[in-house]
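Colleague: Pasting a structure here, questions to come.
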Amino acid sequence: MESEQLYHRGYCRNSYNSIASASSDEELLDGAGVIMDFHTTEDDNLLDGDAASPGSNYAMSNGGGAPSSSTHLLDFLEEPIPGVGTYDDFHTIDWVREKCKDRERHRKINSKKKESAWEFTKSLYDAWSGWLVVTLTGLASGALAGLIDIAADWMNDLKEGVCLSALWFNHEQCCWTSNETTFAERDKCPQWKSWAELILGQAEGPGSYIMNYFMYIYWALSFAFLAVCLVKVFAPYACGSGIPEIKTILSGFIIRGYLGKWTLMIKTITLVLAVASGLSLGKEGPLVHVACCCGNIFSYLFPKYSKNEAKKREVLSAASAAGVSVAFGAPIGGVLFSLEEVSYYFPLKTLWRSFFAALVAAFVLRSINPFGNSRLVLFYVEYHTPWYLFELIPFILLGVFGGLWGAFFIKANIAWCRRRKSTRFGRYPVLEVILVAAITAVVAFPNPYTRKNTSELIKELFTDCGPLESSQLCQYRSQMNGTKAFSDDQPAGPGVYSAMWQLCLALIFKIIMTIFTFGLKVPSGLFIPSMAIGAIAGRIVGIAMEQLAYYHHDWFLFKEWCEVGADCITPGLYAMVGAAACLGGVTRMTVSLVIIVFELTGGLEYIVPLMAAVMTSKWVGDAFGREGIYEAHIRLNGYPFLDSKEEFTHTTLAREVMRPRRNDPPLAVLTQDDLTVEELQGIINETSYNGFPVIVSKESQRLVGFALRRDITIAIENARRKQEGIVLNSRVYFTQHAPTLPADSPRPLKLRSILDMSPFTVTDHTPMEIVVDIFRKLGLRQCLVTHNGIVLGIITKKNILEHLEELKQQSPPLVTSPAPLHTLITFVRFSPRLLLMILVIKTKSRLKATKNTKNELKLLILLTKQAKMLNLIADISTSVF
């Protein structure tokens, strides 16, 4: 496999020097275009995993185990051994050991801070280093986001023309100072020239259209080709969204180079090119990757974070919050996104620092003002019309559409990505990107709603029609003087019906192209395409509801709220609800998504419609599968990720999962005081395990501790270099005192300091439900299985993932995840009565505001009729379900 070739080519080290040289996250993997599968290089495979290449002296891979907190130096040295306690690439960190190291460091600093002013200053620096690193991360994230927004807008407009008066201006900025624009054609000004005007000298006609069409395709292909070439040559990790890998890294996995400086630089450049190429992708997801790169780079300035992988992940959690903050202009939503979606370990202090990082990033982006509208995002909108109770029905229908779209997209995209991995087509990433970009450009140009930037499309769909709007979506007929009175509903004109057809075609186009675009070897986010699909569907539904309310205002649904001449339906609100529903169906986000969209609109009154649509989309999507798109890609790539959202409902025991199994070779163990250096090296060379249980003797088999293969190898090499008398027949012992040896024996080697004296153990009768919970909550890499203190076997994270996959394939879908279907049925049963309760509350409030007795009587009669109808629906749904 390609991932195995990558691993054995650069990451199976044969000497201590190579390990030290590979300890930086700045190392760049030279594997352009390779789709990685870490099933075979998973570090937790202590028994049957990554084997050393034949002929190597020591295959250095890492296992888990926390050294005793009371002893952190080898007895034969006066300083720590360099390299002990570090991790190889494609390995999982030991959270328990990292937390022990941090507590030891903290105790050491506190014990010394009263000795001198210098030590006190160092303690203050250590205490404030967390706030400093998140401040730097927020500043860098905001600055880079502003740069990306400005550059992407300029290059996107470059496909259509250029500003002669100032080449660095985009289309909108070019026409700001022009006095020759008209209301109907506000985007045309003498300073802005299309490519047809520059090349042919004419702005209208078939020839100019063909020339603009050709230049549009030319620039789109140029941007896409340059982006994929930069990614392939300089930073293969810069492709994709980055969120699945960020989730895996935050869970403790090591992917060196993924958050390095090369990845940051190439991702920033190619993200601009990919967005400007017109592909069906967004920049919001990759901005999370960019922010995490900033956090990782700045963490190396502070030893507190550079030398502790668990502490570094606290910085990355705060960085992901800053990334969403600048992507959507939603600082609170960014914090909740980091908590709900990506973070594996999220203590309270990380919550505060995430909030501060998101605040700093949003402040910097607001200071840059990349869109010139004093807002953090392009599609900020405000609505002034309230929503009415009957609108919950179309809002819930949009939620159903979002859930169906999410389930369909996940299955279709994963099927295509799997086919890409398993066929020769995946070996030509440049050709694939060029092909998809060509199809996108050719099909997108004739339709104005697919030609424009996706963020601008969402802005137009979100915006409510007003006197200053010249969009086709706002071309309504007026019965008075030919202009729409924008305070009330009006019949749609020819422009609106034409726009509806174009939006339907754009919806089909976006659905198809997003499936094939997400996963290309260019930076590609999924937030904006999903929101665009939902916004198109929502706007179509909103216009349909608006025309229904106008032509059938005497229906019982509209009669109470939609009076003739009153503004009743806001189509832009439907677009916003549809965007949230589709994004929720794809990602299965709930709370953070509602807050993000709320911060986008600034309207607290629309929280209930958003919640109804997002929850409905999640319920419908969960009925077809519990995985969101990011979890699906994590599983597709084989990353060692234990999802805390999944429930373990089976009755297996630890002895059924542990290794070795009945027909496997016996468990490789070390005895505490009767091995020589030569024998220990022989065990290491003959096996591929990442760690070894240490027992009292071959006869006793009682557990003493756990030693890591990497630490043993480094300790032996270091002792040979710095200690005289260590030879092949030197005795190795893990006890406190040296065993009794003959007088002519060579000097023994004490390795007690690298021995984990308290490895996590479970009995062979422990239910796997408890074991899985322990692995998730403690971040273990492995645990030993014992019976009356005697070691029987070992369970690693890989063993658990394999066991979960086996159980998932054996069980039918309804057995493994009955909760979504049950929740959906419960919702169908009780939603009519919920609507009735909301109806009573809203009607009571209207009765209090009504002083006319006749109107009171009308409202009471209407309430009685609707209550009877809702009760009838509730009775039917209860009897059916």
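Every residue number used here counts from 1 along the chain in the order it is shown.
Heads up, the Cβ atoms here are built off N, Cα and C, so glycines get one too.
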Colleague: Among 258-279, 346-367, find the range that TrEMBL records as transmembrane segment.
Modeller: 258-279
Colleague: For the domain 'CBS' (658-724), what does DSSP give as the number of helix, strand and coil residues?
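Modeller: Result for the domain 'CBS' (658-724), in helix, strand, coil order: 24 helix, 17 strand, 26 coil.
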Colleague: Which one, 216-238, 430-449, 532-553, 573-598, has the most C-beta pairs under 8 Å toward the transmembrane segment (315-339)?
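Modeller: Most Cβ pairs under 8 Å with the transmembrane segment (315-339) come from 573-598.
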Colleague: Which stretch, 128-148, 286-303, 573-598, tops the Cβ pairs under 8 Å count with the transmembrane segment (532-553)?
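Modeller: Comparing 128-148, 286-303, 573-598 against the transmembrane segment (532-553), the winner is 573-598.
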Colleague: So, by DSSP, how many helix, strand and coil residues make up the domain 'CBS' (755-814)?
Modeller: 27 helix, 19 strand, 14 coil
Colleague: With a Cβ cut-off under 8 Å, give me the same-chain residues at least six positions beyond the ends of the transmembrane segment (499-520) that come close to it.
Modeller: 228, 239-241, 279-281, 405, 409, 412-413, 416-417, 420, 429, 432-433, 436, 439-440, 443-444, 447-450, 457, 471-473, 475, 526, 529-530, 532-533, 536-537, 539-540, 543, 629, 633
Colleague: What else in the chain is close to the transmembrane segment (216-238), if you only count residues 6 or more beyond its ends and a Cβ gap under 8 Å?
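Modeller: The answer is 28-34, 155, 158-160, 245, 255, 257-258, 262-263, 265-267, 269-270, 273-274, 276-279, 429-430, 433-434, 436-438, 440-442, 445, 451, 520-523.
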Colleague: What residues in the same chain, six or more past the boundaries of the transmembrane segment (286-303), come closer than 8 Å to it by Cβ-Cβ distance?
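Modeller: Long-range Cβ neighbours of the transmembrane segment (286-303): 25, 129, 132-134, 136-137, 140-141, 144-145, 148, 240-243, 245-246, 249, 259-261, 263-264, 267-268, 271, 312, 315-316, 318-320, 322-324, 326-327, 342, 361, 523-525.
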